[in-house]
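Trainee: The structure that follows is given in the form of structure tokens.
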Amino acid sequence: MRYFTAGESHGPRLTAIIEGVPAGLSLSAEDINIELKRRQGGYGRGGRMKIESDQVEITSGVRHGKTIGSPITLNVTNRDFKNWEQIMAAQDVEDKIKKQRRLTKPRPGHADLVGGMKYEFEDLRNVLERSSARETTMRVAVGAVAKKLLHELEIEIANHVVNFGGREITSPENLSVQDIRQTAGLSDLSIFDESQAEELRNYIDQIKKAGDTIGGIIETRVEGVPAGLGSYVQYDRKLDAKIAAAVVSINAFKGVEFGLGFEAGKRPGSQVMDEIIWSEDKGYTRSSNQLGGFEGGMTNGEQVIVRGVMKPIPTLYKPLMSIDIESHEPYKASVERSDPTALPAAGVVMENVVATVVAQEICDKFDSDTMNELRDAVASYKKRLSEY
């Protein structure tokens, strides 16, 4: 199972093509739209979310509500395109139009300058349009398909924010996916402890007034994953490595950890490893889950716990200094539409990206031409594990 995305932030539409989804998976546009709506929510979101109300159109790979094994094409129309039609036109246009919305002042923290240098662009909008977080719309759409597949295999996933701009969010250690959905899933801040919500909203409002932005840390948990996904035999087959790569590929994400993560480096081994236990009804389990569900690059049957660090959004209404690429004179960086924070939305992106990697791994490991075949293969594998 693999996918590609295409489209620019202010272009006519965004597109994703997914190949390798088993035939026979029940799938509707509404399944995907639910996730797209979640991505557009959250406290601190601004202008673009008022313009766009994302709705997916499925144009291939699904017939009469079921996947048919061929590539699935997903399209999301950019409603704001009507205001950018000439500026973003595929055909050549007059020079005066080309100069409209031309970007020559790269924004610190964005791809603008390095992208312009790499591809020899005189207009940095060519970089901005594709490097924009708008692309994550389609990663969420792809993730929605993956989550539907995982649900059929009794694998569930959820996320919540555990640190908001340096402020720790209180939550118990042994959180289930259901716990997260019933708390953070109903919060516009995506936090477990709603008693901290009002203080955080005031904090975000202060940041916005100051023309600044904040980041934070998001935790995603996956339940129902059988032991043995991934492999220790080659570096590129380790599933935690694949998840880590996918998470840091999300716009503005700068770090990732599993279980205790970086805290593990501060403790002796006796306080880090999870002791192995066995029982007649559950088979092999662990006494704790400080390694976040991974050993040797493979799932160990415990809950997968992964955290991603999101830097503050680099587009500031109180812009930092930059250099104009035409004149080489110092200027305050260009300002595009921005939000004080996008942590709750980024959590939705991370959740769907992790779901996609897990679904890919399952489809790679097991026979998966059809959903029936995949269900049988997974059930047979779980039975074998239980007898070990």
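In case you wondered, yes, glycine gets a Cβ from its N, Cα and C as well.
Since we're looking at a predicted model, the values are computed, not measured.
Annotations per Swiss-Prot:
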- R39, R45: NADP(+) binding site (BINDING)
- R130, S131, S132, N251, A252, G296, K311, P312, I313, P314, T315, R337: FMN binding site (BINDING)
Trainee: Return the member of R130, K311, I313 nearest to R45 (NADP(+) binding site) in space, with distance defined Cα to Cα and candidates limited to these binding-site residues.
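Mentor: Nearest by Cα distance to R45 (NADP(+) binding site): I313.
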Trainee: What's the CA to CA span in angstrom from T315 (FMN binding site) over to R39 (NADP(+) binding site)?
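Mentor: One finds 19 Å between the Cα atoms of these residues.
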Trainee: Run through the Cβ atoms and count how many others sit within 10 Å of the one on R130 (FMN binding site).
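Mentor: Taking all protein chains shown, R130 (FMN binding site) has 17 Cβ neighbours within 10 Å.
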Trainee: Hey, what's the Cβ neighbour count for T315 (FMN binding site) at 10 Å?
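Mentor: T315 (FMN binding site): 21 neighbouring Cβ atoms within 10 Å.
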Trainee: Using Cβ atoms only, which residues of the same chain lie under 8 Å from I313 (FMN binding site) while being at least 6 residues apart in sequence?
Mentor: T213, G215, A252, S338, D339, P340, T341, A342
Trainee: Measuring Cα to Cα, tell me the gap between K311 (FMN binding site) and R39 (NADP(+) binding site) in whole angstrom.
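Mentor: For K311 (FMN binding site) versus R39 (NADP(+) binding site), the Cα atoms are 18 Å apart.
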Trainee: If one looks at the chain holding S132 (FMN binding site), which residues at least 6 apart in sequence have a CB under 8 angstroms from its CB?
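Mentor: Result: E8, S9, N251.
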Trainee: Among the binding-site residues R39, R45, K311, which residue has the largest number of other Cβ atoms within 10 Å of its own Cβ?
Mentor: R39
Trainee: What is the number of other Cβ atoms found within 10 Å of the Cβ of A252 (FMN binding site)?
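Mentor: For A252 (FMN binding site), the 10 Å Cβ neighbour count is 21.
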Trainee: Whole-number Å distance between the CA of R130 (FMN binding site) and the CA of R39 (NADP(+) binding site)?
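Mentor: R130 (FMN binding site) and R39 (NADP(+) binding site) have their Cα atoms 18 Å apart.
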Trainee: Going by DSSP, is R130 (FMN binding site) part of a helix, a strand, or coil?
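Mentor: DSSP assigns R130 (FMN binding site) to helix.
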